[in-house]
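Residues or ranges marked as transmembrane segment in Swiss-Prot: 18-38, 133-153, 180-200, 212-232, 243-263, 270-290, 413-433, 443-463, 498-518, 552-572, 586-606, 619-639 (among others).
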Amino acid sequence: MSAVSFLYSSKTPKFRGVFNGICALVLFCFFFDRSELLRNPLLRNASFVNGGSGSTSGGITQFMVIRRNARQIETNGSGNNSSLSSSSTVLCSGLHKHMGYADQCEFLKANPICSPDGFFDYLSFFYCSCRDFSILGYMMLGVWLVALFYLLGNTAADYFCCSLEKLSKLLRLPPTVAGVTLLPLGNGAPDVFASIAAFVGTDKGEVGLNSVLGGAVFVTSVVVGIVSLCVADKEVKIDKNCFIRDLSFFLFSLVSLLVILMVGRVTVRIAIAFVSIYVVYAFLVAANVILRKHAKRFKLEALTPLLPMQGSVFSPSVGEDMPMNTPLIETETEDGPPRLQSLPQWMWASNVAIYSNHFAKVSVHDEDRPPWGWIDDTAEVESSSCTKFTSLLEIPLTIPRRLTIPSVEEDTWSKTYAVASVSLAPVLLASLWSSQDDVSLQACGVAYFFSVVIGSTLGFLAYKNTEPDHPPRRFLIPWVLGGFIMSIVWFYMIANELVALLVTFGEIYGINPSILALTVLAWGNSMGDLVSNIALTMNGGDGVQIALSGCYAGPMFNTLVGLGMSMLFGAWSKSPDTYMLPEDKSLFYTLGFLVLGLVWAMVILPRNDMQPSRTLGVGLIAIYLIFVTFRLSCAMGFIPWAA
C-alpha cells in the first residue's frame, strides 16, 4: 500500500507532472514528424484529385493511394480478407532484410501498406526519422506506449466513469441494474475499446482476441492467486453461490467462444447471441436481488449478487461486524418503503482509479472514501511553483480531451471548457469521419460545414444557459450523453493508436503482434485490476469478496461484451457476408489454460470450505507461468508442433 499511496496521493504530484511532460515532448516529436500532412490535411484524400495516379512530389499521395487500393481489395468480399492479410504479411516480412533497397526506410517508402493504420506512422518514424538514432527511437516509442496505456485508463477514470455515474443517477437505475450494466462497462472500458479498435480500426482481430483472453488469464490466475496468498492466513470465506454462478457463466461463455473460433466465421446473429449471454447473466443477478429483497414474502433464499447490495456481502455468520459501505438498498421501515441509494462513487472507477487525476487531487468525505485508502480526506494539493510547473506539463495530454468531452462534475466545472467542448466536439467527429479512405473531398467539406454550424449553435446555447460557478442544474441528460459519447470517441482513437503501436513493435522486433497483445497489452490493461483488487484485499472484510467477484465478473464482461461487440461490428461491416475470424491456433491454447485456471479454482475453493488458500494461489500463479512460457516457446519455434 505504500507504493500505491506514493504514486496516487495528492502529496506527490511531481511524478505525474514529469511523466506527462516527457509524454508531451514525445507527442510533439510525432507531430513534427507528421508536419507535412498536418500543414495540408487534404493530402489524406488526395487520391480523389489525381484519380489514383498517386504521383506527387512529396510522395504522400502515393502512400494514400496504395493504402486505399489495399482496403478496396479487402472490402470486395469477406473471403478475400484473409488472403489479403496473408499477402501483405508475406510482403512486409522482407522489411528487415530489405532486399533490393538501401535500408528499411526505402523499403517502407516503396511498400507503404506495411505501415500500421494509426494517426502516426510509427514504422517510418523509427526507420526514417530515427535512422541514425535507433536507441532514441526505442525510448520514444516505449514512452509513448506507456503514455497510451495511461491515456486509455485516465479517460476511463476521469471522463467515462463520471458520465456513467451521472447517467445512472439521472435514469434512476437501481444499484443492482447499474452494477451489472454500466459499472462493468466503466471498469472494463480499456479492454473493451482496445478489442473493438483491433477488430474494426486496424483489422487486427487476432490482437483483440489475444488481448482480452490474455488479460482474462492474467486476472483469473495471477490476481486471484495473489489475493489468495494475501488472505491465506485469515479466516475469510467466499460466498459459494456467488462463486459458482460467476464461474459457471464464465465457463459457458468460453465454450461458446471456442465453438465460434472453431467455425472460423461469425454473422451478426451469432455475435448478438454471444453478447446475449451477458444479458442473461445480468438479468439473473438483478432477479436474485429482487428475490432477496422479498425473501420473507416468497420464502426463498436468493443468491448473493455480484456487488454488495447490503452492508456486507457475506452471509450473516461470516465476515466483519462493521459493514464497509453504507447499505445500497435499505430494508423496509415502519415509515414507508425502502429507500434506494446509489452505488458508492469509488466503485465506478475501481479498476482504473490508478490512472485518475481526479482521485489524486480531490478530497472526499468519509462516506465516499474508497476502501483502498488512497486519499487523505485532509490532503490538498500544495500550491507551489513546482506544482504549477508540473500542471503545465500535463496540458498537452489533458487539454485536447477537456476541449472535446463535455463534463458537468462539480469539482472540475469550468464554463469556458464547457462551451468549448460542445463547440469543438462536432468538429472532432467530422474530422474522424473525413479521415476515412472512401470519403470524397466534397463530403469532407459538407461534414466540416455542418459540424461548425452545429458546434456554434451548441456553444451559443451553452454560453447562455450555464453559470461560471456551478454546473447546469437543468437539461443534464444532453450534457451527460455528450460526455458519454465523446469519451467513447476518445477511447476508440487512443485504443486504435495503441494497437497500431503494438503492431509496430511486432514489426521492429520480428514478434507476432498477437504475442505482444497477449502479454504487453493484457498486462497494461490489467494493472488497474491488480492494484485495486490487492488493495481491497489488504483492507480486509468485504473487500476480499468484492475483489474475487471482480476477478471473474470483469474478465467475463470483457469476453462477452468486449469480444462480442467487436465481432458484431466486424460482422456488420461485412454484412450480408460473414466475418472471417483470424486463423490463430494459439487462441485454443489460451482458452485451454484459462479454463484450467477456472476449474482449478472451482475444485480447490469448495474443498477448502470456500477459504482462499496457498494451494489455490500457488497453483494459479504456476498455471500462468506455464502458460506464458508455453506461448513464448511456441512463438520462438521451440515447440514446432504447437506453432
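Cβ atoms here come from the backbone N, Cα and C positions, even for glycine.
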> Is it the case that the transmembrane segment (552-572) and the transmembrane segment (212-232) have 3 or more CB pairs under 8 Å, with pairs at least 6 apart in sequence?
Replying inline: yes
>> At a Cβ cut-off of 8 Å, and with pairs 6 or more apart in sequence only, do we get at least 3 pairs between the transmembrane segment (270-290) and the transmembrane segment (443-463), yes or no?
In response: no
> Are there at least 3 C-beta pairs under 8 angstroms linking the transmembrane segment (180-200) and the transmembrane segment (498-518), leaving out pairs fewer than 6 apart in sequence?
Replying inline: yes
